[in-house]
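Visitor: Feature table excerpt (Swiss-Prot):
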BINDING   Cys5, Cys31, Cys94  [8Fe-7S] cluster binding site
BINDING   Cys213  [8Fe-9S-C-homocitryl] cluster binding site
Amino acid sequence: SERGCAYCGAKHVIGTPMKDVIHISHGPVGCTYDTWQTKRYISDNDNFQLKYTYATDMKEKHIVFGAEKLLKKNIIEAFQAFPDIKRMTIYQTCASALIGDDINAIAQEVMDELPDVDIFVCNSPGFAGPSQSGGHHKINIAWIDQKVGTVEPKITSDYVINYVGEYNIQGDQEVMLDYFKRMGIQVLSTFTGNGSYDDLRAMHRAHLNVLECARSAEYICNELRVRYGIPRLDIDGFGFEPLSTSLRKIGLFFGIEDRAQAIIEEETARWKPELDWYKE
């Protein structure tokens, strides 16, 4: 099913919400079809990552003779088809993993030939874990190993966060980003809903990791704490009281509780009449 394997947990849940990226699966076309268009993680670049998906479409002959040449051909063709997109994620599948295709080497070869592109390799074939949760872990760790720390961001606030484990399902992220902005907080990156590839390379410069979905993204938060000393703060942005509590926790961390409380009071006054209607 669409929620079945470690490959799915890496690509479908966490990888594909990144908006400015060509997402290509190295394997049979069925793997790609199974992880396309069943989640509504919209983006502000006309939903590029939802409209297009890519597969190397491995066949039986590639299992016998190898598919590295096929992969390189597909990578170059994809960049040529979308010249404005300079970032790519390649996802390993069971088929390409079992025959030992060296995806990392091919990715590096292309980056050497096309110096303006950058490629992330996610080695999380379907058999790599007992369920899709195994893929969550693998892509979390692969991202921090390969990409975090390779871009230096512009810091514009005294309060800087990564918003982690939020996938912008039908635009729900926009509500929280509005609250953060009103509190004077700079959101350095969103992992990974409506997230920008290069912004996510700069996660190491945040002051705090604000974590929404621990089940899918606590791994990168824990590693950011170990490697860069960035604290982790778990929140719940769904529900009136949980959201209020979450804003207070963030405000307390930065010493701006008054800003959080002002937003809570303003939004309570705005929505309380409608909530009271349901209680009648």
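Going from the start of the chain as shown, residues are counted 1 onward.
Any Cβ shown, glycine's included, is placed from N, Cα and C.
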Visitor: Distance check, please: Cα of Cys31 ([8Fe-7S] cluster binding site) against Cα of Cys213 ([8Fe-9S-C-homocitryl] cluster binding site), rounded to an integer number of angstrom.
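Guide: It is 25 Å, counting Cα to Cα.
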Visitor: May I ask you to report the DSSP-based helix, strand or coil state of the residue listed as '[8Fe-9S-C-homocitryl] cluster binding site'?
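Guide: It is coil.
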Visitor: Quick check: which same-chain residues outside Cys5, Cys31, Cys94 lie with their CB within 8 A of the centre of the [8Fe-7S] cluster site CB atoms?
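Guide: Surrounding the site, in chain order, are Ala6, Tyr7, Cys8, Gly27, Asp34, Thr93, Ala95, Pro125, Gly126, Phe127.
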Visitor: On the three-state reduction of DSSP, what should I expect for Cys94 ([8Fe-7S] cluster binding site)?
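Guide: For Cys94 ([8Fe-7S] cluster binding site) - judged by DSSP and reduced to three states - the answer is helix.
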Visitor: How big is the gap, in Å, between the Cα of Cys5 ([8Fe-7S] cluster binding site) and that of Cys213 ([8Fe-9S-C-homocitryl] cluster binding site), rounded to a whole number?
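Guide: One finds 19 Å between the Cα atoms of these residues.
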